[in-house]
């Protein structure tokens, strides 16, 4: 068979094995949390598309048996441990029914989605990553346009655009329904732009435009955690990535610095909301001035005191907000799980993150780009875990799982190229031998 015929067959197989369009759309809309029938129910248009796509995968019999490879048993055992800790603790509280709702949400995000997003092969997983990146890019582009053109009141914006598309303090939440969550979405999406450019899946100008829009939208979100996470993600890419990614990242940083110098010379300042919530704290070198740091620190101190009374059996799902003097849950996933689910729930969550870390670091040996992507996204997720309550929204899960999927497939393309070269070499030797 000729190489052209082999390529045609390979392309046909790739098309046959390509993810369902519904999966692509679900990933594209993963961050659009306001696109749901009720703000009280976490079931979005993205969730509907993902479920439809999952049904199509079942019909095709393309559901992977081990989405995390050899680490799959450890991942699901850790997940069961977390859910078990929350269940046992909830049985001793006044409202154990909340466990059913929260367990369903966590199961969709961290137990069902891996079967839908992983196991598609390197090329198709890159297509899924493109869907995520362009979905976030479009959301932020719309957000920036609305931010500078909308003249209505905060109440009108909420009624027209969705929950906290524009917050009362002037922060950009977009369709993520929260400015901090929007910042998290941007921080986790940016590494995909660098990765996809290094893989030549997207063009240089595409990467620059996407990165510019995401960066400015992050400034408008005025999230100190998101800004710090973005810096960490970039550092991880520079540290773990190969020379290609370092060149793109460093080139982008030089471009940002140059743009900043030009804008400063033209008396163009940072967005006022970012200057107030983040930049002033950076200039003063005092993190206490950043956003609502003091309030969250107070919640964390209160939660730490409750841990002492609920070391092994927690207070039950969603009960921290009930017993907290502030009437709000602690914005720290680790403390929240410990308070509500006891020590076992915390161990389960940490073990799941540990599985992700193992996947990222082992990928570095096969494919530094894929490993750098996984570790960068995971680092951002870790930082936000220390600043967020329950993390079952698909906005969190989709970027992490896609990055891990890419890491698991790392090196496949190089292996195919090497195999192809070896096969061609053997054929050439056989041909020369036949010609005598």
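Glycine residues also receive a Cβ, built from the backbone N, Cα and C atoms like all the rest.
Where the annotation comes from TrEMBL, it is an automatic prediction and has not been curated.
What TrEMBL says about this one:
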type	residues	note
DOMAIN	212-350	domain 'O-antigen ligase-related'
TRANSMEM	12-35	transmembrane segment
TRANSMEM	71-92	transmembrane segment
TRANSMEM	98-117	transmembrane segment
TRANSMEM	129-150	transmembrane segment
TRANSMEM	179-196	transmembrane segment
TRANSMEM	201-218	transmembrane segment
TRANSMEM	224-240	transmembrane segment
TRANSMEM	247-266	transmembrane segment
TRANSMEM	343-362	transmembrane segment
TRANSMEM	369-387	transmembrane segment
TRANSMEM	393-411	transmembrane segment
Checklist outcome for this item: The answer for the transmembrane segment (71-92), taking Cβ pairs under 8 Å and residues 6+ beyond its ends, is 98-99, 102-103, 106-107, 110-111, 114, 310, 313-317, 337, 340-349, 351-352, 354-355, 358-359
Checklist entry - How about the transmembrane segment (393-411) and the transmembrane segment (98-117): do they have 3 or more C-beta pairs under 8 A, pairs 6 or more apart in sequence? => result yes
Checklist entry - Quick one: do the transmembrane segment (129-150) and the transmembrane segment (98-117) have at least 3 Cβ pairs under 8 Å, skipping pairs fewer than 6 apart in sequence? => result no
Checklist outcome for this item: Restricted to the domain 'O-antigen ligase-related' (212-350), the mean pLDDT of the model is 81
Next on the checklist: Would you say the transmembrane segment (98-117) and the transmembrane segment (224-240) are in contact under the rule of three or more C-beta pairs closer than 8 Å, pairs 6 or more apart in sequence?
Outcome noted: no
Item to check | Distal contacts, the transmembrane segment (201-218) - CB-CB under 8 A, six or more residues away | outcome: 126, 129-130, 133-134, 136-137, 140-141, 143-144, 172, 174, 182-183, 186-187, 189-190, 193-194, 226-227, 230, 248, 252, 255-256
Checklist entry - Do the transmembrane segment (369-387) and the transmembrane segment (98-117) share at least 3 Cβ pairs under 8 Å, sequence separation 6 or more? => result no
